[in-house]
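Undergrad: I have a structure here, written as structure tokens, and I will follow up with some questions on it.
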């Protein structure tokens, strides 16, 4: 088993990566402490892992709550339903929520934990590649609003993150590909060696080679932990983790949450960001081809939805959380392994990019 830490002084916490970490009863019970565990999962993951986890925690009198599977359920409606469940079961501050599932379960559970009785502990047990390499680490919790993704949320760190690579063997191929978009992102913003590794190991990763999986998950979590330790509340450096997301959130909001997977939207968003960087002479045409080529190799989309216009993009981008004083700000690659936050992209440049 691999282990690393997110260093945030008294709120630091470990990340455990390996096979069968979902069965690591000793560590899990240690992090639950004297609390009563409440497992939050969805109706896809529950048949696979819920009973095993309940059996492990039987002496702690656990409860569970199951939500439907899908991005559209990361909402205030389901936030309220989980909160009502906790209240109906007289759950106090000595309650520990366990998020067993992908990014939707993790974000929703974390937001409930942040708000319920002004904050209770929670543990992340991510079961998708995207949540393992990105959303489970760093304390971003949120629900979506019809007018924008992740618009209602809080920064709230978990007690621990348990990443079980075996869960990826039950993940649909489309979901695995979506997770690879976030892995590629880390290579683009921070680590040229990781990007090259992804180019060299496409087949091994798609075959779920254990050594390859542990390598990329560990490296992504390591990068995320380093960035979060320096900029927990996304005032500067952490914003670079949003490469491709300005475009991606516009796609998700316009198309309807769940129509495009988050990773699919991020993949296309990174291609658009690379093309925009090319127009600014920060990347070469060969760089753009290399980026879009790797994204395509992992069976991810590189073209925007045919029904979306430049005005659709601009409408949603004007609500982006990175904006300042009404100016849309983008994360753009300046070279492989480096990105920058820019605020001098005009609406006409966006229109030209989308309409080309």
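Backbone N, Cα and C atoms are what each Cβ position is placed from, and that goes for glycine too.
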Undergrad: Among 215, 262, which residue shares the Zn(2+) site with 182, 245 according to Swiss-Prot?
TA: 262
Undergrad: Around residue 262 (Zn(2+) binding site), which of the listed binding-site residues (69, 71, 73, 107, 128) come within 10 Å, judging by Cα atoms?
TA: 71
Undergrad: Determine which residues of the same chain, besides 182, 245, 262, have their CB within 8 A of the center of the CB atoms at the recorded Zn(2+) site, and list them by sequence.
TA: 130, 134, 181, 185, 244, 248, 263, 265, 266, 269
Undergrad: Out of 73, 103, which has the highest number of nearby Cβ atoms, where nearby means within 10 Å of its Cβ, if these are the binding-site residues?
TA: 103
Undergrad: At the level of the C-alpha atoms, what whole-angstrom distance separates residue 105 (NAD(+) binding site) and residue 182 (Zn(2+) binding site)?
TA: 18
Undergrad: Given the binding-site residues 69, 71, 107, 182, and counting only Cβ atoms in the protein chains shown, which has the most within 10 Å of its Cβ?
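TA: The residue with the most neighbouring Cβ atoms within 10 Å is 182.
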